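Below you'll find the structure, written out as structure tokens, and then a few comments.
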Amino acid sequence: MNLNTLRALYLLILWDLNKMLRRAVFVAMRVIWFVIQVTVFGLALTAMVRLRGSLPVDVNYYEFYLLGIYTSMLFSISVSRAYDIAEEFEEGIVEYHLSLPISRRVFAVGRTIGGGIASFLFTLPMFAVVLWLLEDVNVEAVIISLSSALLFAMSITGFVLSIVLSLKSGDATDIMFGVLDSLLIRLSTVFYPAVVLSRYAPYLYVALVNPISHIADFLRTLFLFEEYRAIAIASPIAMASYILGLAVGFSSLAMYIVEKKVEGGGWR
Amino acid sequence: MEVAVKIRKLVKRFGNTVAVDSLDLDINEGEIFGLLGPNGSGKTTTLLIISTVYKPTSGEVYVYGHDVIREGDVVRKYVGIAFQEPKALWVDKPYELLLWHARVVGYSTSEAREVVKNVMEVLGLWEHRNKYFYQLSGGTRKKVEIAKVLIQKPKIAIFDEPTAQVDVISKHALWDAIRELRTQGSTVIIATNDMFEAERMCERIAIIYKGKLKALGTVEELKDSIPEGDIVELMLDGDENTYLRAEDLLKQYGKTVRSNDSLKIFLNKGEERAIEILDLLKSRGFKIRKIMVKEPSLDDVFFYMTGAKLKEG
């Protein structure tokens, strides 16, 4: 990787970050909504939920819920990159980018990393709220969780980039990612532990391969280690590998699609 | 003279539509080359293939010997394009957009600030630098798009209908800036359906219609390519039927091309024949509103070659 490649990557990341900065008001609104979600609805929900007896260990549902809801936000905001990319395609920005003196691979990786970082930074205030509510957290867990959240956001952005550039349709993008967003969050361990889901086999199988389950349970394992490792969806190493594999796999998919398949025009 | 862009048997299909149909073309280094044709003739598609945005269905395109498919990354280092429709989001601001563009095409941050300011001042954009794109007029947006190529100074500078939507005074400023770019070493390709722009700017012109190359040469060569050197243009009182009857009558003088409100006869010795034609038409009861004898323009060349008007397509 030479200096020009790094420079191009940096500028593509900057492109996505600039776009996010213009949405400061939107970000602030989402953060406020998140605070209300975790303080009002989260506490109300926790008051109704009784996990004791259902699980082999005693888990505080509120803590479980906090990391689940943060993960669902991270996923939704990463998926919302689809609408941004679709808008860019509609306005011809993708054609403009394809004409620039940047290799297709660097373009794909740059937009994947840039979109991932933008989504990650978007959720950073929410993460801070979660840490504040969890109270006693160690620095190591914070660093590892931030890194894994960033990797997760990049992998979702890589996936989204590949699909939107292949679909070339605003309507198809809206439908597909709207459905994917709501379905995948619900078919995961965001709100329910895997052991509870095991009573409904098909649900459990989807949750087991669902990347949202892996990132949610990985974060829980980091912060609620002693209680949670017994009921997590997989071992910490397996979950971390899954997230890393996802990031590498979807970035490679984005590179392949942008390099071999994507051309301007044809937006429906 | 080195060939900057070489196009061989280029075909581009979109579904069942053939946008470019077996096009062969050489564009020489350092020239200002025009692609002249109506909307939908395949000009933009050809330009987007040269700039690697579209992929050809078949055929070959080389930029300084580099294949646009296999060596797209290299080709993009030579080419810069100002699109027909300005490419920006409604919340973009010209200065930020151009600064980012300048850095992507290789300027350091300080150089980028300087070159962007210079180009924006030349094009009269500086006062609009911090406005949102949605606040700009169509002409100003177009100038922002042109500014990208002027900043980039690429070896091959492509402009797709550069002065569409631009006012008359700004048109001249843009033309001067494009000429200056050529002076600095760029090969310039302009796609246009404006005959005046093509005649004024381009040293060689390819006339394209329905994806096919109809004629190629300098402005003079194209005008001389009409075998009969003069045009008698008639406007008659009457309906389409009147023009049909007149056309039948005047075919003996040369090739005739009829539009809704005029009839053109391509012939030699126009002044002498015009009197004959006038007498003949009067004797057959036609009422002549206007008769003109003129030398062919590029519009006439296009009309002669395709039977269609440039603006109508």
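Note that Cβ sites are derived from N, Cα and C of the backbone, with glycine treated the same way.
The domain 'ABC-2 type transporter transmembrane' annotation in TrEMBL covers A:14-223. The feature transmembrane segment is assigned by TrEMBL to A:21-44, A:64-83, A:113-135, A:141-165, A:237-258.
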Thinking of Cβ pairs under 8 Å, which stretch from A:21-44, A:141-165, A:237-258 has the most of them with the transmembrane segment (A:64-83)?
-> A:141-165
Which one, A:113-135, A:141-165, A:237-258, has the most C-beta pairs under 8 Å toward the transmembrane segment (A:21-44)?
-> A:113-135
Go through the chain and flag residues at least 6 beyond the ends of the transmembrane segment (A:113-135) whose CB is under 8 A from any CB in it; none is fine as an answer.
-> 9, 12-17, 19-20, 27, 30-31, 34-35, 38, 63, 66-67, 70, 73-74, 77-78, 80-81, 84-85, 142, 145-146, 149-151, 153-158, 160-161, 223
State the non-local partners of the transmembrane segment (A:141-165) in its own chain: residues 6+ outside its ends, Cβ under 8 Å from one of its Cβ atoms.
-> 74-75, 77-79, 81-82, 85-86, 89, 94, 108, 111-113, 115-117, 119-120, 123, 127, 131, 173, 176-177, 211, 215, 218-219, 222-223, 240, 243-244, 246-247, 249-251, 253-254, 256-258, 261-262
Give residue numbers and ranges for long-range contacts of the transmembrane segment (A:237-258): same chain, 6 or more residues beyond its ends, CB-CB under 8 A.
-> 104-105, 107-109, 111-112, 148, 151-152, 154-159, 161-162, 165-166, 211, 214-215, 217-218, 221
